[in-house]
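Since the structure comes first, as structure tokens, the remarks are kept for the end.
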Amino acid sequence: MAGGVVVNNGGGKDYPGKLTMFVLFACIVAATGGLIFGYDIGISGGVTSMNPFLIKFFPSVYRKEQAAEKNQSNQYCKFDSPLLTMFTSSLYLAALVASFFASTVTRVAGRKWSMFGGGVTFLVGAALNGAAKNVLMLILGRVLLGVGVGFANQSVPLYLSEMAPARLRGMLNIGFQLMITIGILCANLINYGTAKIKGGWGWRVSLALAAVPAAIIAVGALFLPDTPNSLIDRGHTDAAKRMLRRVRGTDDIEEEYNDLVAASEESKLVAHPWRNILQRRYRPQLTMAIAIPLFQQLTGINVIMFYAPVLFKTLGFADDASLMSAVITGLVNVFATFVSIVTVDRLGRRKLFLQGGTQMLACQIVVGSLIGAKFGFSGVADIPKEYAAFVVLFICAYVAGFAWSWGPLGWLVPSEIFPLEIRSAGQSINVSVNMLFTFIIAQAFLPMLCRFKFILFFFFGAWVVIMTLFVAFFLPETKNVPIEEMVLVWKSHWYWGRFIRDEDVHVGADVEMPAAGNRNGKVDPAKLAN
């Protein structure tokens, strides 16, 4: 391989530096961009289970719900309404489109201004939703919320991966997913409280309070420094060198700085990143940017998070009980994410993916079987309190498995695998695929629940089997590898190495990397050639 690469079982270069308080604070502020995404995920399911909200905007759903509670209709189908699902899923369609515009803003103006734009747009959407008089205002507000989510999800994971030292990149990047889970939990708690407001206007408070996380990221972004990568890419080389010294807490930054400059110079040779990303040498990264967000949505997690109160109502819980059950799953989600933060840079990405997938599959089989045993295909049954609590227990175990695997890693891995020249385009594809399938799942879940019944859990379980096998065979370990040297990981992989020629690898000499076809031992560099 070009450059005389030294291969071993470690990561890439171990650049000098430490985790400074400056970097930690910047990453915490940037990660708050996840609050807007998480708050929306949690709030939408909660308000759609509030009767005053349904009576005002979706009266047909309210009538079906009342009939179902009297055992006059199928429990599986009582929330099946195209208009109701459009309210929930319109945000994700807007986020899909916005992510492509966010790619340009992120590359040209920097990551922080993309975050700022997302926060401001989300703030306007929250105000519109809180003051909604009709369904049109609701959906227009959701579209603006979606634009905000698209910008934040495009820029925040990139910012975190570029600011973090390689050995702690996983921990700091998962801060984004942690904020998503905190947003979901806060939304569930707020829904539980606002549902008790007399007068039936509590849903307005729930929707309008989305302005709080929007203001946090919008104001916070104004104080964030640019990443060294972004500064170099935009021609501010002196400022980039000063920033690199500050974020690494040392003056010994020449090696890392030179690598960043080399990556930037190569990226400037790429005039059309959207066209270049289709080149053969980027096939591994492009595949992951499509497959990982696709699989993340096909785990079925958003079925739980979007519609947790709705789902628990379907299981026979009362209004307050269904909202409280959603709070419980939200708590599990937050605490389980800490497991990933602690272990991701020690155990690595692959082990968490594989363990989490196995756990989710087992829980989906149990939950589907328990619901099927009671409701069958008729959808008419009364569930005893103890039985319903048992179902919630396994749903929580499923949420925990997701929260330390596919939840955080679905954002972490795509954000760290792309070279600088196509990084913004790659992240845009990652976000757009994520939003597209979030939209599809959100739009299709209630009709699928009505038609598939309890078989729906087995449907998502089958996808978990497929994605776990995909990780086992095709995802290399990326922990501790500097993102500017990630090409070495793909070059050494048993399958993806065939797509990358020796002349496509532009890194310095004596770079450590995982062994080709043998992650635990050493191989001769010549074995990395095609």
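Heads up, residue numbers simply count up from 1 along the chain you see.
Backbone N, Cα and C atoms are what each Cβ position is placed from, and that goes for glycine too.
Where the annotation comes from TrEMBL, it is an automatic prediction and has not been curated.
Over in TrEMBL, the protein carries these features:
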type	residues	note
TRANSMEM	19-39	transmembrane segment
DOMAIN	26-479	domain 'Major facilitator superfamily (MFS) profile'
TRANSMEM	83-101	transmembrane segment
TRANSMEM	138-160	transmembrane segment
TRANSMEM	172-190	transmembrane segment
TRANSMEM	202-224	transmembrane segment
TRANSMEM	286-310	transmembrane segment
TRANSMEM	322-344	transmembrane segment
TRANSMEM	387-407	transmembrane segment
TRANSMEM	427-447	transmembrane segment
TRANSMEM	454-475	transmembrane segment
Long-range environment of the transmembrane segment (427-447) - Cβ separation under 8 angstroms, sequence gap at least 6: 79-82, 84-86, 88-89, 92-93, 95-96, 99-100, 102-103, 106, 146, 149-150, 153-154, 157-158, 277, 286, 289-290, 292-294, 296-298, 300, 302-303, 306-307, 410, 414-415, 418, 456
Of 19-39, 172-190, 202-224, whichever stretch has the most CB pairs under 8 A to the transmembrane segment (387-407): 172-190
Contact call for the transmembrane segment (138-160) against the transmembrane segment (322-344), three or more Cβ pairs under 8 Å: no
Residues from the same chain, set at least six apart from the ends of the transmembrane segment (202-224), whose C-beta lies under 8 A from its own: 26, 29-30, 32-33, 35-36, 39-40, 43, 46-47, 50, 52-53, 111-113, 115-116, 118-120, 122-123, 125-127, 129-132, 141, 145, 148, 152, 159, 183, 187, 190-191, 193-196
Predicted model, mean pLDDT over the domain 'Major facilitator superfamily (MFS) profile' (26-479): 85
